[in-house]
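According to TrEMBL:
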type     : residues                   : note
SIGNAL   : B:1-19                     : signal peptide
DOMAIN   : B:52-245                   : domain 'Cytochrome c'
BINDING  : B:72, B:75, B:76, B:110    : heme c 1 binding site
BINDING  : B:173, B:176, B:177, B:218 : heme c 2 binding site
BINDING  : B:214                      : substrate binding site
ACT_SITE : B:218                      : active site, cysteine persulfide intermediate
């Protein structure tokens, strides 16, 4: 039941600095924990987050075991033209999720 | 004579405040003890991780299952109207068992009786998601738990347990949450223990959790044997705490450190 919460302003003026906020559902299991019987709990984290705007990569982050569950990633960008933000999260065990949001720039 | 009487009265009130319940005007949600960045997490739906469970719950609300092949929505329709204010009245009196049940237990009894499906385990993702989704519909509404007169003996028993010293540390809930809520324990605010935001996302848990989970953690903290999930003692404590918070605003899904 993975799901993402995205907050992108629907409208902006050309040249405005806008904040993009993303929240992805993920347990971010570190790989350093053991069960009560001593077996290692295998690592299961998101390893990479990418944001593209109209096909061009504008933000990328690598994620590591110390990052908390349900990673909340926010960043700023400049509104240049109307278009679509595409978000992608990739992780262990074949984890792959995408989301998108549109913006109108006037 | 008069000044002496006034001093005596003042002394009496002062000693009464120390040992008794928090006055209505001094009641504070756990939210008000948090730092600005944690408050911001709760305030904004796209920053509040609890909303991930609410979204899951919304999907589960419409999923048909069980021998009767019914979804919650088939009987209850749109939760935005049918579930508005419901969570603000729980735990509530259950006629069938003659006891109070909390919202998780109510959802599970609906699941086994009406959907004829297997009940969900306590703290499972699905049960938390449905509870969060139902509770969310009461956000901002005043807590009304305990209005039903049939609940009175159970509230009283919950209140006794709240005042009862127990465990190796020999502490009652009231020793911290009534008498010392304005102080800190290992750097963290003690708070008044008003369950306004459950189920809520605790940063420490890195997950959503129920009020029963929170109570069990507190009971373990005073080194007493925690009651099992669903135990009548826990439900009575939940009931007492919710009726103690009557009139305060529902925050679910809350965020707490």
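Glycine residues also receive a Cβ, built from the backbone N, Cα and C atoms like all the rest.
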Requested in this report: Would you list, in sequence order, the residues of this chain other than B:173, B:176, B:177, B:218 that have their CB within 8 A of the centroid of the site's CB atoms, where the site is the one recorded for heme c 2?
Outcome: B:162, B:171, B:172, B:174, B:175, B:190, B:193
Query raised in the report: Using DSSP, would you call residue B:72 (heme c 1 binding site) helix, strand or coil?
Result: helix
Query - Candidate binding-site residues B:176, B:177, B:214, pick with smallest Cα gap to residue B:76 (heme c 1 binding site) - result: B:214
Query raised in the report: Which of B:76, B:214 (the binding-site residues) has the most other Cβ atoms within 10 Å?
Result: B:214
Requested in this report: May I ask which of the binding-site residues B:72, B:75, B:110, B:214 is closest to residue B:173 (heme c 2 binding site) if we compare their C-alpha atoms?
Outcome: B:214
Query raised in the report: Could you give the mean pLDDT over the domain 'Cytochrome c' (B:52-245), rounded to a whole number?
Result: 96
Query raised in the report: Per residue, counting other C-beta atoms within 10 angstroms of the C-beta, which of the binding-site residues B:75, B:110, B:173, B:176, B:218 reaches the highest number?
Result: B:173
Query raised in the report: residue B:75 (heme c 1 binding site): which of the binding-site residues B:176, B:177, B:214, B:218 is the nearest Cα neighbour?
Result: B:214
Requested in this report: Using C-alpha positions only, work out which of the binding-site residues B:176, B:177, B:214, B:218 is nearest to residue B:72 (heme c 1 binding site).
Outcome: B:214
Query raised in the report: Which of B:72, B:177 has the fewest nearby Cβ atoms, counting only those within 10 Å, among these binding-site residues?
Result: B:177
Requested in this report: Sorry to bug you, but what's the C-alpha spacing from residue B:177 (heme c 2 binding site) to residue B:214 (substrate binding site), rounded to the closest Å?
Outcome: 14
